[in-house]
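As structure tokens, the structure follows; a few thoughts come after it.
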Amino acid sequence: MTTIVSVRRNGQVVIGGDGQATMGNTVMKGNVRKVRRLYNDKVIAGFAGGTADAFTLFELFERKLELHQGHLTKAAVELAKDWRTDRMLRKLEALLAVADETTSLIITGNGDVVQPENDLIAIGSGGPYAQAAARAMLENTDLSAREIAEKALNIAGDICIYTNHNVNFEEISSKE
């Protein structure tokens, strides 16, 4: 598994993820890039789950974004519909955290598209640890979205054996 966290604060949204890929109880690779920019760098996305499955979903999601001229929610709903109803796609095991300058969403294989409370997303095996840490920082500090995401991933990496400290981030600032 992994940890992906998305934090939105003061006109900035950040998605960060660790780099560990495991097979069973063995670390296969420590520098997987699980966070990407999509649709002309206007959308950022991170995945938790099977790497090959996630790359397939990134490609499909980017096609949906192009089809719907970058409308994040519409593209997410259409991907979730296909993911749930297509026999081959149904077998893909991953979660996606996606964001543009105004909206953050979680997309699942059961057809769910969820806009989380407080625009805070944390998915993967270390998600609960990262979410608790990020929520505490959002409510009690003036740290930036990037600083909160970094610290939340660091805490998750200290606790979750399927999360490492080799993290990467993508961020978007609103034009306000």
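In case you wondered, yes, glycine gets a Cβ from its N, Cα and C as well.
Residues annotated as active site in Swiss-Prot: T2. DSSP assigns T2 (active site) to coil in the three-state reduction, outside any helix or strand. Within 10 Å of the C-beta of T2 (active site) there are 29 other C-beta atoms, taking all protein chains into account.
If you take the C-beta of C160 (Na(+) binding site) and look for same-chain residues 6 or more apart in sequence within under 8 angstroms, you find M1, T3, S125, G126, Y129. Residues or ranges marked as Na(+) binding site in Swiss-Prot: G157, C160, T163.
Proximity of G157 (Na(+) binding site) to non-local residues of its own chain (separation of 6 or more, Cβ distance below 8 Å) is seen for T3, D18, G126, T163, N164, H165, V167, given in sequence order. Neighbours of the Na(+) site: apart from G157, C160, T163, residues of the same chain with C-beta atoms within 8 angstroms of the site's C-beta centroid are T3, D18, Q20, S125, G126, Y129, L153, A156, D158, I159, I161, Y162, N164, H165. Just so you know, the Cβ of T163 (Na(+) binding site) picks up 30 other Cβ atoms within 10 Å once every protein chain is counted.
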